[in-house]
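Trainee: One structure coming up, written as structure tokens, with questions to follow.
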Amino acid sequence: MASLTHIDAEGSARMVDVSDKAATTREALAEGRVAMAPATLELILSGNAKKGDVMGVARLAGIMAAKRTHELIPLCHPLMLTKVEVEVVPDSALPGLHVTARAKTTGQTGVEMEALTAVSVACLTIYDMAKAADRGMRIEGIRLLEKSGGASGHFRAEPPTD
């Protein structure tokens, strides 16, 4: 079993020293969903939500959050992100919105947390902007889908089994 890199020999939390790691291109893709009543999805898609453009604001919130990940998660390194892309897509089968975020950098540590933070905050923003219409919305399935670059190599998540 792999050891926890953020815990030292005495069991104390620490920021990992990445000084000796080579800078490589790193990319991560994460996803999440906001399930809601069909009428709420219809309201969002119509552009008539009281707080405005739910999907557009959620995209911007996700991008902004990715850039501030190191301020939100105590042991994350501040990264110079070269790309953050957040997509919010309607899913009538859910019903709700499917959110994906892709983060990219060239550096000494990965961007998984930035992609996950972008998805999380985008989903929270959707909830905040539509909660007046539907307090029963559910944020679901936030997970890392794929990562590449770095010493640990490539990772691709298995399809969900639910």
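Using the three backbone atoms N, Cα and C, a Cβ is placed for every residue, glycine included.
Copied straight from Swiss-Prot:
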type: ACT_SITE; residues: Asp128; note: active site
type: BINDING; residues: Leu75, Cys76, His77, Met113, Glu114; note: substrate binding site
Trainee: Three states by DSSP: which one describes Met113 (substrate binding site)?
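Mentor: Assignment for Met113 (substrate binding site) reads helix.
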Trainee: Across all the protein chains here, work out how many other Cβ atoms are within 10 Å of the Cβ of Asp128 (active site).
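Mentor: Asp128 (active site) is surrounded by 14 other Cβ atoms within 10 Å.
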Trainee: Does DSSP give Leu75 (substrate binding site) helix, strand or coil?
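Mentor: SS state of Leu75 (substrate binding site) = coil.
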Trainee: Quick one: which residues besides Leu75, Cys76, His77, Met113, Glu114 have a Cβ within 8 Å of the substrate site's Cβ centroid, in sequence order?
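Mentor: The answer, listed by sequence position, is Thr69, His70, Ile73, Pro78, Leu79, Thr109.
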Trainee: Test of understanding: give the count of other CB atoms lying within 10 angstroms of the CB of Met113 (substrate binding site).
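Mentor: Neighbour count, Cβ to Cβ under the 10 Å cut-off: 22.
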Trainee: Could you tell me the maximum Cα-Cα distance in Å between the residues recorded as binding substrate, namely Leu75, Cys76, His77, Met113, Glu114, rounded to a whole number?
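Mentor: Greatest Cα-Cα span of the listed binding residues: 13 Å.
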Trainee: Here are the binding-site residues: Leu75, Cys76. Which has the lowest count of other Cβ atoms within 10 Å?
Mentor: Leu75
Trainee: Determine, to the nearest whole angstrom, how far the Cα atom of Met113 (substrate binding site) is from the Cα atom of Asp128 (active site).
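Mentor: Between the alpha carbons of Met113 (substrate binding site) and Asp128 (active site) there are 22 Å.
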Trainee: Nearest to Asp128 (active site) by Cα, among Leu75, Cys76, His77, Glu114 (binding-site residues)?
Mentor: Glu114
Trainee: Far apart in sequence but close in space: which same-chain residues, 6 or more away, have a Cβ under 8 Å from Glu114 (substrate binding site)?
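Mentor: In sequence order, the residues whose Cβ lies under 8 Å from that of Glu114 (substrate binding site) (at least 6 apart) are Ala28, Ala66, Lys67, Thr69, Leu79, Leu81, Val84, Ala103.
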